[in-house]
Amino acid sequence: MRILWIVAVCLIGVEGNLFQFAKMINGKLGAFSVWNYISYGCYCGWGGQGTPKDATDRCCFVHDCCYGRVRGCNPKLAIYAYSFKKGNIVCGKNNGCLRDICECDRVAANCFHQNKNTYNKNYRFLSSSRCRQTSEQC
């Protein structure tokens, strides 16, 4: 399933929420940083189960939960307004659903930045067999 997410990110056009989320991550952590989070731990990438492996993986768990609360539009496809101001992500004037998606992505990108010291290369492309514990509730 994670491979499908990678393909989806690669195939998405110049706009679209996943592309915008990738730009937020790269803006906070540097060019091409998004590739470090596409398949990481138990929650970064498509789907998720088990217990987050570290603070970085927990950022993805919280992001998944946030997307799960969004109502009224598709979080992975909707296009929202945002910008960077003095290194900070600022969500623009969006309606309720788009505002919620932007906030989910902004919080996750900031979380990755705040927890970059917990990033563990051993959790990249982690086998799903290492994520079989009972999943936490959002």
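Quick reminder: no glycine exception, Cβ is built from N, Cα and C everywhere.
What Swiss-Prot lists as signal peptide is 1-16. Annotated disulfide bond per Swiss-Prot: C42-C131, C44-C60, C59-C111, C65-C138, C66-C104, C73-C97, C91-C102, in sequence order, evidence recorded as similarity to another entry. Residues or ranges marked as Ca(2+) binding site in Swiss-Prot (evidence: similarity to another entry): Y43, G45, G47, D64. Sequence annotations record features per position, and here Swiss-Prot assigns active site to H63, D105 based on similarity to another entry.
Here the candidates are the disulfide-bonded residues C97, C104, C131, C138. The one whose C-alpha lies nearest to that of Y43 (Ca(2+) binding site) is C131. Ranking the recorded positions H63, D64, C65 by Cα distance from C102 (disulfide bond) puts H63 first.
Neighbour list (C104 (disulfide bond), Cβ cut-off 8 Å, at least 6 residues apart, same chain): H63, C66, Y67, V70, P75. C42 (disulfide bond) falls outside any helix or strand according to DSSP and counts as coil. The two recorded residues C91 (disulfide bond) and D64 (Ca(2+) binding site) have their Cα atoms spaced 19 Å from each other. Considering only the recorded positions G45, G47, D105, no residue lies within 10 A of C138 (disulfide bond) on a C-alpha to C-alpha basis.
In this structure the C-alpha atoms belonging to G45 (Ca(2+) binding site) and C60 (disulfide bond) are separated by 8 Å.
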